[in-house]
Each structure stands twice: as C-alpha cells, then as structure tokens.
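Structure first, then comments.
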Amino acid sequence: MSPDDEGCVTSDVEAPEGEAPYVESDDGPPLAPAPRRWRDLAMLLPAFGTLLWMPPVVGLTASGGAIWGVPAIVVYLFGVWALLIALAALVAVRLGRGRG
Amino acid sequence: MTPAIEFALVAALAYAALLFALAWWVDRRSRQDGGLPWLRTALVYTLSISIYCTSWTFYGAVGSAARGGLEFATIYLGPTLMFVGWWLLLRKLVRIGRLHHITSIADLISSRFGKSEALGALVTVIAVAAATPYIALQLKAVTTSYQVITGASLESVDFRAGFWVAVGMAAFTILFGTRSLDVNERHHGVVAAIALEALVKLCALVAVGVFVVFALFDGPGDLFAHAPPGFLHAEEVFGPRWITLIFLSAAAVICLPRQFQVVVVENENERHLATASWLFPAYLFLMSVFTLPIAIAGLTLMPAGADPDMFVLTLPLVAEKEALALLAFLGGFSSATSMIIVASIALSTMVSNHIVAPLALRLSRNRTRTSGDVRRLLLTTRRIAIATLILLGFLYFRVSAQSGALAAIGLIAFVGVAQVLPSLIGGLFWPQANARGAVWGLTAGFVIWMYALGLPSLEDGGPLGADILAEGPFGLAVLRPQALFGLDGLDPLVHATFWSLTINTVLFVIGSLTREPRPLEWVQARQFVDVFRGGAAIGPDSGRPRFHRTATSEELYILAQRILGAAPAHELFDTFARRQGLAQGLPLPTQELVEDLERRLAGSVGAASARAMMAQVAGGEEVSIDELVSIADETARIMRYSQALERKSTELETTARQLREANEQLREIDRQKDDFLGQVSHEIRTPMTAIRSFSEILRSSDDLESAQARRFVAIIHDESLRLTRLLDVILDMRVVEKGEIPINLEPLDPDAVLDHALQTCEGLRGTAPVTVTQGARAGTARVAADPDRLRQVFINLLSNAVRHTDKDAILIRVESRIEAGAYEAVISDNGPGVPEADRERVFSLFSATWTRAGEKGAGLGLAISRGIMRRMGGDLMLDVGAPREEGARFRVTLALTADDPPP
Amino acid sequence: MATRLLIAEDEPSILESLVFILGREGYSIATARDGREALECLKTHGAPGLLILDVMLPAVSGFEVLKAVRTEPELEAVPVLMLTAKGQARDRQMAEQMGANAFIAKPFSNQDVVQAVRRLAAP
C-alpha cells in the first residue's frame, strides 16, 4: 500500500438530474435550460401581481383623483394588468427562446 | 318591430350553420395530409382558453359592474394571475397531462392518487353538480338575449329559444365532439368553431365598448364624469369578498372541467402555454376594459329598472344600431354556445370514463369481448351523456328560470370546482398526499359546498327549507348553513368558500398523514411531483422501476382492439413492432409495451379504467420492496446530494488523513513484522548453523578422536535442545496472542519466586559486571499465581535489565512491597531507559525490543510477560514516573489472596 | 608462516566449528567474541590475512567493525568474509556496498566456508 492509494477513494455521490424545463416534447427540439433570472421572474410574477391587487396595496389609490378623467383606481387596476401582461410576454419570449 | 327582429333569428341560424359548416370542413381537411397548420398555433390555443368568458361574463360582467362597481374585475384578475404565473403550476399540469395522457381533471386526480376509480367518480359528481346549473345559466342568457333582441316581453320566459339552442348545441357537440375516443386527439372541428366564436365575442364586446365610449360619450373622461356617485364602490370593494373572488376565479380557470379540457387536455405544445401566459390575460384585459363604460352608459342612459345584465344588448338597440346589436347578440350567443360545447365534451368524457366505464367493466367481466366493444360503448355513452347534460341544463333552466337564482350560479360553480384545488395542488407538490386524504377532503368540501352555498341558493333553501336556513337543523344554530360554527355576518360566498376549502384542506392533510401511500400511489406521486426531475421520464431508458406484469401479445392486441377499434389497434401494434425491430407480426409483450399501451388506453378511457382493463389481461401491478426502495423520492435524493456536497471536502480531508494514519500504522506493523521475522530467522539459524557445521565435520572426518567426536555430538545435541526451546517460545507467543497460554494458579509467596529467579540469573553474563541490589522486600505476601510463569516473567525482566544496560557497571535494584491490597515488585536498572515514544511499544508482540540483537536465547518478550501477568490477575507496567536517566523501572503487581500464608 | 585469520563470532558453538574446520586447513586463528574485542585485536595484532565477521555481534556490530576496517589505512586491504544468520538480501547488499569480499549465510556448508576462505587468503 502506498500513500498514492488514497486516490482510490470513491465517492457515492450521484450527479443530480438537473431540472430541464423543456425536454420532453414530441414536436420540438430540446431546449437549453432557461436562464435562472428569467425563471425567477416567472415565479415572482404572480406574487408581484397578487401583492399589487390585494388589499391593502390596491386600496391606496381607491380615493385618489382622476387621470384624464378616469378614476385613479381604474387606471391603477388596468395599469398593473397591462404591466403584468408585458412582463409575462417578456418572460414567455425569454423562456421559450431557442425552441422550435 | 325593427328590422333586427326578423333578422335576429335568421342571423342566429346562419351563424349556427356557419359553425357547423366550419367544423365539418375543418374536420375533413384536418384528416387530409398536413391538416390545417393554423389550428395548431398558440393563438388558436389561447382563443380556445377564452371559453372562460361565457355569456355570464359577456352579459353578466356589465351587470356586476353596474351593481358592485369594481368587483366584476376579480373574475378576470384571478385567471390573469394564474396565467402570468404559468411557470409555477400550469406548466407542471400541462407536462403531466401530456405525459400521462390525462383526459380530464377527474382523470388527473384519479391517476395521481393511485389510479383510484372512487376519486375519478367523486370528482365527476362534483363537476356535474357544479356545471349543470352553469349550462342552464347559458341557456337562460341566450333565451333572454333573444327575447331582448326580438323585442319580446321579459315578463314571461320563452323557453323555445333556449330549447332549440340546447338541441342545436347537443347535435353539434355529438357530431364533432365525439369522433374519437382518444381525448388527446383534438376535435379539430370543435376547436375551429370555438376559436371563431372567441373572436366574435371579443369583437362584439369591443365594438359595443368603443361605440359606447366614443359615440354615446365623448371619450373616457366624459364617460366617467357621468358615472353615478359611488359607482365604483371603491371604498368598500377591497374586502374579504375581493380576495375570495380573485382566489376562486384563479382556481376556476384550471379546475373548471372545460378549462382543464382546453388548457391541459388539448395542449399540444408547451410553447403554446408560454404564449397563452400573456395572450390570454391580454384577451381578458380587452374583454373587461369596456365593462365599466358600458355599465356607466347603461346606468346613465337606460330607464331605471332596466336589466343591467342586458346593457350590452340594449344600449345598441336603444341607440338604434341594429347591426351592432346583432353583433352583440351573436357575441353573447357565441359565449354561451362555446361554453356549452366544451363543458359537455369535458363532462361527458368524465362521465363515460369514470362512471360508466368502471361499471361496465364490472358487469361485462364474463361477457364475450369483441373488437371495438369498449370503444362503441364509451362513444355511445359520451353521446348520451352530452345530450343528457345539456337536457339537464335545460330542465334546470326551465325549473328555476323565474326564481332569479341563476344569477349567482357562476360563482357557486366556481366554489364547487375549487374543491378540487387542495387535492390538485397537494397531488402536484406533496409526495405524501394520498387517496385517503383526497377522498376525505373532496367529500367534506363537496358536502359543505352543497350545504352552505348550493342548496341555500335555491328558492327557500331548496330541499333544506327556509327553517333550516334560518335556524339550523334541529334548531342547532351552530349548523346554520350560512353561519356555520357561529361564523356569522360574512358574505355567504366568502363564508362557504372559507369553510369548505379550510375543512377540505385540513382533512386532505390529515387523511394523507394517517396512512402510508400505497405502492401505486407512490409511483404515481413520484411521477407527478418530480415530473421535471425525470420522475416521469417514460421510455425504455428511463430507469424507472417497472411493474412486473405478464400478458401475451394476443391478449394485449385484443384489449387494444376493444378500446381503440380494429384499425387503430392494428396500426398501433405495427408501430410497437417496428420500434422493437420486428418486420412483421405482433410486438413482444415487454413491460415497456404493457406500460405504453396502458398509457395509450388511458388517453381514451382514463387511467383508472385503463389500469383495470390491463389488470384483467396482464394482472395487477406488483411492486417489490426493492423497487420501492429504488423509487426513493427524488427530493430526498437531491437533498442528500447537496448535503453530501457540503460534507464532501471535510469528509475527503478526514478520509485522507485517516488513510495516511492507517498507512503509517500498517507500515509500522509491517516493519515490526519484518524485524520480528528477522529476529526469529536469526534465532533459528544460529543453532542450525552449529548443528549443520558439526554434523558435516562428523560426516566428512574419519580421523576424529572419539573424545572430540563426542564433544561435537554433545554440541549438536545442545543446539537441538535450544532449537526446541526456541520453537516453544514462538508457540508460546502464538498462545499468548490468542490468550491460550496454560496458567495453573496456586497460592504462593511471590518473593520466594523472585528469589529463585535472582538465583537463576546469577549466571547472566553482561558486557560489564552486574550488581544486584536488594531493596526492601514485602516479606510474606500471599498471591495466586503460576510459579513457573511468574518466574519466567521475573527472569525476563532481569535479563532485559542486564542486556539493555550499556554502562560499565550494571546495577540492578530489586524491591517489593505490599501496596493497596496488592503485591508489587519493582525491578530497575541503570541503563538507557525506555524512550517516551516506546513506552507502549515495548509491550507489543512484534516489538524489536523483545530481544536484543546478538543476545543468546530468545527469552520471553515483554509482551508475553505482560500477557501472563494479566492472565494471573496482575499486571506488568513500565514505571512512568521514573526519570529516563535513571534507567528502566518495571513494576509487577499481583492481587493478594485472602487466606493466610501456610505455617 | 601460516596465514592468520581473525574470526569474530559471538556464538560459541559456531566459533568452535569454524576454528576446527579452518584450523584443519592450516590457518593460524585468532578469535573475538564481539565487535569491540575484534577491533582491539586488530589494533594490537595488526592486519590479519582474512577477517571473518558475523553481522550480529554484541556491543559493536559486524557492519561497524567492517566500516572501521575499511576506513583504517593499515587495514584497508584486509579481505573480509561476512557471515549472517538473518539471510536477508538487504544484509548481503549492505555488506557488498561496505566493501566485504564475500558473504555467506548461516547455516553454511563447511565446504563453502573453506572455499571462500581459500579464495580470499591462501593458507
């Protein structure tokens, strides 16, 4: 036995099967894993929307004035809505990129 | 009578005819080569999801806005949140749905919880109970809108319109919605019609909205300036009901059977979901952006008492824009019909797969089985179910039309289908969740929903009666349906939602925790929960544990024929055979084939029935303990992995150090062994040399004097004896090593033995004169010992003292005493002593110090001596306290015996 | 005058046999019972015709004696025959490196010893 035999130590740690967001598909080539920050944004988006649309945040503009004659609360509700749609579109494009 | 009146019927019929024609044409085209690519786009997928917007929202949203201001928006905000958060839940649902050929939400729940037939049936019952009034609501909307546009009085309900719509939709759905048994094969005709209707209702609503804002009013500013005071209800709307409605609508957009059908079952490509994640919210945005303006316009321009639910239609009529009114009518018509079509397809699938199929399987167990019999049975069942469901909806409408109870039905249905949510979420993310929890939760949720919301919504509480509603059953106020457990003063919807879902979830968790998942539940749980970690990797190389089922190819083929029909089954088995590399004939009945076939069949009859039918030919799934162990859940494995990574560096370091130490010890032992063998070799070779040499002299010399010859023979004899002694010693060592040295204890005076040993050693020859000093002696001690062994020990210590001393004069001091009930002898010398590092080593068997190079006789090693002393209940120690310069000091101890010394 | 041998051997019986067989060959023999004695003898009586050295000698080992002999100008040329009872290749190697002229493992055959001695020093 020589000191070099330490090299024979084997590790039983398996490599993890990493999450592959888009692998199983009959009709498209496999996707490269989505960039981490876009996946994080995708997960945060509903929480973000919930926060903005739930009391107490949503009530902040309830008694506010109007913008071009439209009550602030209406502008706020639909503005958040439009923002969410835009962000979701961005996320969808990023996460769906390279597919097909 | 305006022109629109006559035109309305014609337009509706023409529109219906257009839908039929489109569906028929698309159906035909899509079966030809290439089909219609535009049908398989994300846009069409998104448009089909828009059946979420039924006539209840098309007309009702404005009504809701007119009555409750901003509250109407909740119905759209929930789905928006659900879709922009597609990455969390919908993506997983869609992936699972595609991999497991899920046919309905009932099938999903059933499949997840061990392909349970009971769960499939339970979810089906809840869905039907929730959806039938919902269909009635659509029929009512169509009927009312027809009456409005034809200018008929709303005092009485003209059921004819509703009836013919029901008949027409049933015909359409049966014609185009039940062509294939496999639910995953999309009904292209239906999809095309739904997509068209989605566009029509959006265009209609946007057109009315634009007309209202810019024609009836001078832009949004002008419009909102005309809004009645407090119209928005902005001060009080953001309460529990706001939160509850957003939550319910978010749940409904996946739990409603028709939504599950279009979002999950009919999804062909996950990319479409990514697109729908923003496109569907955008559709909802457009559908609702004009709701407030139309409501304000209605409230401002229409006479008091006008039905706000019909503002979408009545505003263009009042403004005498017949074409716009007609478009609005067709938009409402589209909303209603598309909902009826998809809902009846989804529900009929559930009824046929989860209620009729299990019953039929039980009843037909002993019947002959023919090709396609199951297929025919289920298709027929679905057709009958579609007709029955729509008819039921009509009857419900007929019975309750006058009561006005229908208005609340939309939200009541939402609460009903939301009961599936705990099982759905739990099933997707919690591996421990099992069928018991799902059954408990769903049953409790269903019962509370009916009791606290469904029945009270009927006139006078329906079968409950007004008394129970007001005072609780048997006068128990705690059980009042709308104030359960004393929770009074809440909005009935919020109240029912809270109690049904809370108790549902609690029982789901308790049920899941009180029973271990069964093997099949485990397997399904892992495939569902870990779908993105390869848990559902399906295929020969997935490494997934397999159930061991055996069936012949013929049996499997017959089974496939029964469900799929002869030609598709033939085609499927051909594909299987080709995949196995066979040129012709049936494929081999491998586990892969059995599993693959079961999944295919599940796409037609649902997982539970497919499993039951497969079990009839191939036997049930058996899971061995080994396989269960190997399905050790993925999460645990990942956790183990990361922990292992953390530990890895320190562990490796420790291991390396331990290995180095072990190596060092091994090398040391190896060296000691070499030394020892060298010593033994030397000790044996020395007498051998003399024996050989003298025997050669004797053999080769004839001229020896007899005296000389006798002397030589005597030497040979002596050396032979020495050799024998040596071998005895080596054997002794083996014996001591194994603890087998014979010891004969007898009472004796140890000092006497010590004296005897001293006498024996007088002849010891050192390199210098030896002086033995006698110190104090114990006198009369009494111990139990083996005299010969004890003497050996003393001699060994004395000879060691002589051998190891390098001084010019060897001084050995011997003393003994009685100390703490033990006899103690100390033999010390003036030699070099024992180095600190060697203090323990001198007692080891292989120690090179057991005998000194060149010394005569092997003697007993210190190891043997210590072994002997310990066997006699004593010990041999090297005195630690002694300074090294004073030489080695060995201490022999023996316990005193009780009996007195003999006289 | 007969060639003088010095035999350093601590084992009396082996020494006796060596003295007998080599004396029979006509050598004049001096003996030493350990390394120290051998060195003294070399010092007082000068270089012998051949030195026979046991490896494992008490007090001063055979190798140490050999080293002393090889570093002493007067004794440098003395042929040395080494005997060992350990019989390990290591000892043989070491003996050769240190300048021993012959090496014989115990138990030896008398014939081998006599031949080796004759080769190194004529009687």
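Think of each number as a place in line: the chain as shown, counted from 1.
From the backbone N, Cα and C atoms, a Cβ is placed for every residue, glycine too.
Bear in mind that TrEMBL entries carry predicted annotations, made automatically and left uncurated.
Annotated features, as they stand in TrEMBL:
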type	residues	note
TRANSMEM	B:6-26	transmembrane segment
TRANSMEM	B:38-61	transmembrane segment
TRANSMEM	B:73-90	transmembrane segment
TRANSMEM	B:118-139	transmembrane segment
TRANSMEM	B:159-178	transmembrane segment
TRANSMEM	B:190-217	transmembrane segment
TRANSMEM	B:237-257	transmembrane segment
TRANSMEM	B:278-303	transmembrane segment
TRANSMEM	B:323-356	transmembrane segment
TRANSMEM	B:377-399	transmembrane segment
TRANSMEM	B:405-430	transmembrane segment
TRANSMEM	B:437-454	transmembrane segment
COILED	B:642-679	coiled coil
DOMAIN	B:679-898	domain 'Histidine kinase'
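Contact between the transmembrane segment (B:159-178) and the transmembrane segment (B:6-26) is supported: at least 3 Cβ pairs lie under 8 Å, counting only residues 6 or more apart in sequence. Most Cβ pairs under 8 A with the transmembrane segment (B:190-217) among the ranges B:237-257, B:323-356, B:437-454 are made by B:323-356.
Here the transmembrane segment (B:323-356) has long-range neighbours at 4, 7-8, 11-12, 15-16, 19, 48, 51, 53-59, 103-107, 110, 117, 120-121, 123-124, 127-128, 131, 134-135, 138-139, 141-142, 145-146, 149, 165-166, 168-170, 172-173, 177-178, 183, 187, 190, 193-194, 196-198, 200-205, 207-208, 211, 256-258, 260-262, 265, 312-313, 316-317, 377-378, 381-383, 385-386, 389-390, 393, 605-606, 608-609, meaning same-chain residues at least 6 beyond its ends whose C-beta is under 8 angstroms from one of its own. Panel annotation: around the transmembrane segment (B:118-139), residues 54-56, 105-107, 109-110, 162, 165-166, 256-258, 335-337, 339-340, 343-344, 346-347, 350-351, 353-355, 358, 389-390, 392-394, 396-397, 400, 406, 409-410, 412-413, 416-417, 419-420, 423, 435, 438-439, 442-443, 446, 450, 454, 606, 608 of the same chain, lying at least six beyond its termini, place a Cβ under 8 Å from a Cβ of the stretch. Counted over residue pairs 6 or more apart, the CB atoms of the transmembrane segment (B:405-430) and the transmembrane segment (B:237-257) come under 8 Å in at least three pairs, which marks the two as touching. Most Cβ pairs under 8 A with the transmembrane segment (B:73-90) among the ranges B:38-61, B:278-303, B:437-454 are made by B:278-303.
The stretch in closest packing with the transmembrane segment (B:278-303), judged by the count of Cβ pairs under 8 Å and taken from B:38-61, B:237-257, B:377-399, B:437-454, is B:38-61. Between the transmembrane segment (B:237-257) and the stretches B:38-61, B:377-399, B:437-454, the greatest number of Cβ pairs separated by less than 8 Å involves B:38-61.
If you look at the transmembrane segment (B:377-399), the same-chain residues 6 or more away from its ends with a CB under 8 A from one of its CBs are 128, 131-140, 143, 159, 162-163, 166, 169-170, 173-174, 177-178, 181, 340, 343-345, 347-349, 351-353, 356-357, 360, 406, 563, 604-605.
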